[in-house]
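Taken from Swiss-Prot as is:
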type: TOPO_DOM; residues: 1-36; note: topological domain 'Extracellular'
type: TOPO_DOM; residues: 62-73; note: topological domain 'Cytoplasmic'
type: TOPO_DOM; residues: 97-110; note: topological domain 'Extracellular'
type: TOPO_DOM; residues: 134-152; note: topological domain 'Cytoplasmic'
type: TOPO_DOM; residues: 174-202; note: topological domain 'Extracellular'
type: BINDING; residues: E201, Q279; note: Zn(2+) binding site
type: TOPO_DOM; residues: 225-252; note: topological domain 'Cytoplasmic'
type: TOPO_DOM; residues: 275-286; note: topological domain 'Extracellular'
type: MOD_RES; residues: K296; note: N6-(retinylidene)lysine
type: TOPO_DOM; residues: 309-348; note: topological domain 'Cytoplasmic'
type: MOD_RES; residues: T335; note: phosphothreonine
type: MOD_RES; residues: T336; note: phosphothreonine
type: MOD_RES; residues: T340; note: phosphothreonine
type: MOD_RES; residues: T342; note: phosphothreonine
Amino acid sequence: MNGTEGPNFYVPFSNKTGVVRSPFEYPQYYLAEPWQFSMLAAYMFMLIVLGFPINFLTLYVTVQHKKLRTPLNYILLNLAVADLFMVFGGFTTTLYTSLHGYFVFGPTGCNLEGFFATLGGEIALWSLVVLAIERYVVVCKPMSNFRFGENHAIMGLALTWVMALACAAPPLVGWSRYIPEGLQCSCGIDYYTLKPEVNNESFVIYMFVVHFSIPLVIIFFCYGQLVFTVKEAAAQQQESATTQKAEKEVTRMVIIMVVAFLICWLPYASVAFYIFTHQGSDFGPIFMTIPAFFAKSASIYNPVIYIMMNKQFRNCMLTTLCCGKNPLGDDEASTTTSKTETSQVAPA
């Protein structure tokens with residue numbers, strides 16, 4: 001084995017020279033230079049500074065403007081809540097531990113940080129699944145003129161939380177475990193060891209199949225069908241021009257969210273899968289730290305995409321920030337938006 005395993009940690013560094021110490025008790029500067037830990041702290045600070053205001057503003061603007069409280073927006077707000085979980089439960093902790101060079105909060109703190117980070121990521125993934133299914137049902141109409149209403153949105157929200165908890169909670173109760181990863185300043189699910197005492201191998205397989213592969217298959221199936229249907233409808237002119245434009249724009253926004261999610265999380269998932277399937281292989285702490293950087297950036301891209309691609313939300317946000325006046329001259333009360341005939345979504 002090219003790493004060092006302890007009772008509740010795995011350090012990707014051989015202890016042949018006797019320098020490895022518990023990441024809960026001692027600085028890990030033998031893994032990387034102190035300035036690299038400082039860079040990690042600076043990155044976490046940037047994510048907090050950007051992630052908290054933009055996600056909080058997304059929630060606040062929606063509360064302030066009744067016109068934004070549409071069923072589809074409930075799912076998008078769920079993404080903002082998930083991102084705030086990551087900001088408060090993950091980024092603030094990693095910022096503090098990076099400044100100290102090790103995970104100062106101990107195994108209990110590691111469990112909490114790993115739980116909130118995993119919960120936030122899974123809520124985001126399953127929210128994208130619900131959005132994909134909504135787009136598929138509304139645009140492709142496999143169930144005739146189905147209308148995505150408030151009850152369906154609430155059921156979708158419940159699904160995201162149930163599935164996220166089904167992934168994040170088991171390591172807290174003995175099925176797998178959370179351990180420090182990368183530079184040992186943040187925690188995640190143990191991909192590094194088989195750990196038969198906590199049936200780690202079965203959990204990792206379960207997580208990759210149920211909480212990563214299946215959601216991606218659903219998403220790609222829905223959008224594959226959706227792209228085909230939109231092209232076919234455009235060719236046959238089955239819908240009005242306004243409806244077609246609205247459906248296309250909402251669909252484009254959600255697809256961009258999915259692509260951004262893959263950019264953020266696919267490197268992390270791929271590296272984690274490689275580590276798990278190559279037990280004991282030689283890899284350094286940076287090997288897992290860099291993909292984690294991409295994953296953590298997920299907290300800021302969803303609201304940015306939504307604000308940039310949704311004119312109605314953008315106008316409402318500017319009105320809120322500018323004390324009731326839109327500097328672009330678009331009167332909130334007279335803002336014209338394109339609503340789809342089936343889903344009542346107002347995209348850009």
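Using the three backbone atoms N, Cα and C, a Cβ is placed for every residue, glycine included.
Overlay of Swiss-Prot feature records on the structure.
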| residue | record | contacts (Cβ under 8 Å, 6+ apart) |
| --- | --- | --- |
| E201 | Zn(2+) binding site | L194, K195 |
| Q279 | Zn(2+) binding site | Y192, T193, L194 |
| K296 | N6-(retinylidene)lysine | Y43, M44, L47, M86, G90, F91 |
(message) Let's see if you can do this one: DSSP helix, strand and coil counts over the topological domain 'Extracellular' (275-286), in that order.
(response) 4 helix, 0 strand, 8 coil
(message) What residues elsewhere in the chain lie close to the topological domain 'Extracellular' (275-286), defined as a C-beta under 8 angstroms and at least 6 residues from its ends?
(response) 1-3, 12-13, 28, 31-32, 182-184, 191-194, 204
(request) Give the residue counts of the topological domain 'Extracellular' (1-36) per reduced DSSP state, in the order helix, strand, coil. (result) 3 helix, 4 strand, 29 coil
